[in-house]
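Colleague: What follows is a single structure, and I will ask about it in a moment.
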């Protein structure tokens, strides 16, 4: 049994020795071993295609006879047109971009009995380690694959449009050669007029803002036989992954959309008006750049006067208070080729969603609308009258400011005494007790550019709904006291109670107050009576010594100049 085992082992060694020293089995056809297959086959080679590939050529013993890597450039050739040895022509058909294969080619499909000079001996089997990088066909055009389409597309790229887009540029094998993203700046150009390579000119047409697409082009529509001299080799297919951010045409004007006009619009803005509005500003792709809301303050400006960019100047004409609209502004009516720096890039289309809060014109006066007037009206208010009224105050957009009803008492003033804003003075004139009015007061007759801190914004139009509750007739203009009866001829003597031929302040005050209490005289209503009397005394005390003599004392009717006194 042991002897049999020994004989079998001896025979096995002889067989193995014979196998190692036997001549190679001749190849009848090419042999392909795929050493790497990409997950996705972008494109497979067909007869007539043009390919770019790298290779290492060796003999079966591993000795290298040629390599495209050593030359630093791919081997570029048509397939199936007898520009290659027959075995390589066959091996390349069906290969995918980025596929790697070990190809064994028998002599009759390689250089046969003649070999190739001193490099390849006759009857040599050749091994090629092949990596396919690119494939295209002379019949190829631009290939477009859209992988994201925005839900809204109001406009598509046309010839002569100016666009802003980002891109990643790669070769067909995925090698990145350029990217606008790495420069953090869009590529901005006209389309269809030769500013771009032909394939990109074609591939960008029909895109929507926000659309993403992959544009693949053969070298004939790219950089051709010579490439770009640096990153793009000659005869290379190009792949651009593009997102369109912006689109306009030099002939564009502004576009007004999404209008929401209030039911009541009694007036529309015109050139020269001063407008207060809120806005959100964004680029055409939705990128936010500014908002008045974030500052909690309206943007206030004249329109039609060049105070804002031309597109906004135009877009704010013809608006109603309370109106909302979207204004799309091309760059030549916005911030032009330069933009504003960090927030607004050059040549950017701007989109403003605006809300008109109020507007007025510097020539405006107080707008008075009578909402109720009693049938009987014995007397109307005039300058100097003491009036009592209720009001509700708001801004033009309806924002409440104040109301006397909240305090349970009227607001009381003397008309013409500058105790309220000028617009309210105007609105309360020639009014009847019980009458109700709606007043619209422009800011130059209200609280002006400064407004009232935390209550009334600067340059705000004011709206008052007023009701006149009561009024007391004022005195004639220039008078602070009048007699109801005839004036006593012994007026000075009656005042000089201690008969020292001069009137002290206390004597003067006591006398005037007694006349008022007895109904013989009347002080101007709405003022502190003692301050009025002090003022009257000062006017009579000509030399300012704190006493009035008979020589100083004069009646108002005797004065050549107006004084607020007797």
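Heads up, residue numbers simply count up from 1 along the chain you see.
Each residue, glycine too, has its Cβ placed from N, Cα and C.
Below, the features straight out of TrEMBL:
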type	residues	note
SIGNAL	1-22	signal peptide
DOMAIN	48-136	domain 'PPIase FKBP-type'
DOMAIN	160-248	domain 'PPIase FKBP-type'
DOMAIN	272-360	domain 'PPIase FKBP-type'
DOMAIN	384-472	domain 'PPIase FKBP-type'
DOMAIN	483-518	domain 'EF-hand'
DOMAIN	528-563	domain 'EF-hand'
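Burial and contacts for the listed features, if you can.
Modeller: Taking H, G and I as helix, E and B as strand and the rest as coil, DSSP gives the domain 'PPIase FKBP-type' (48-136) the counts 14 helix, 37 strand, 38 coil.
Taking the domain 'PPIase FKBP-type' (160-248) as a whole, pLDDT averages 96 in the prediction.
Distant neighbours of the domain 'EF-hand' (483-518): 529-530, 533-534, 536-537, 540, 546-550, 553, 555, 566; these residues of the same chain sit at least 6 beyond its ends, with a Cβ under 8 Å from one of its Cβ atoms.
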Colleague: On the DSSP side of things, how many residues of the domain 'EF-hand' (483-518) fall into helix, strand and coil, could you say?
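Modeller: Secondary-structure composition of the domain 'EF-hand' (483-518): 18 helix, 3 strand, 15 coil.
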Colleague: Summarise the domain 'PPIase FKBP-type' (384-472) by DSSP state, stating how many residues are helix, strand and coil.
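Modeller: Final tally across the stretch: 13 helix, 37 strand, 39 coil.
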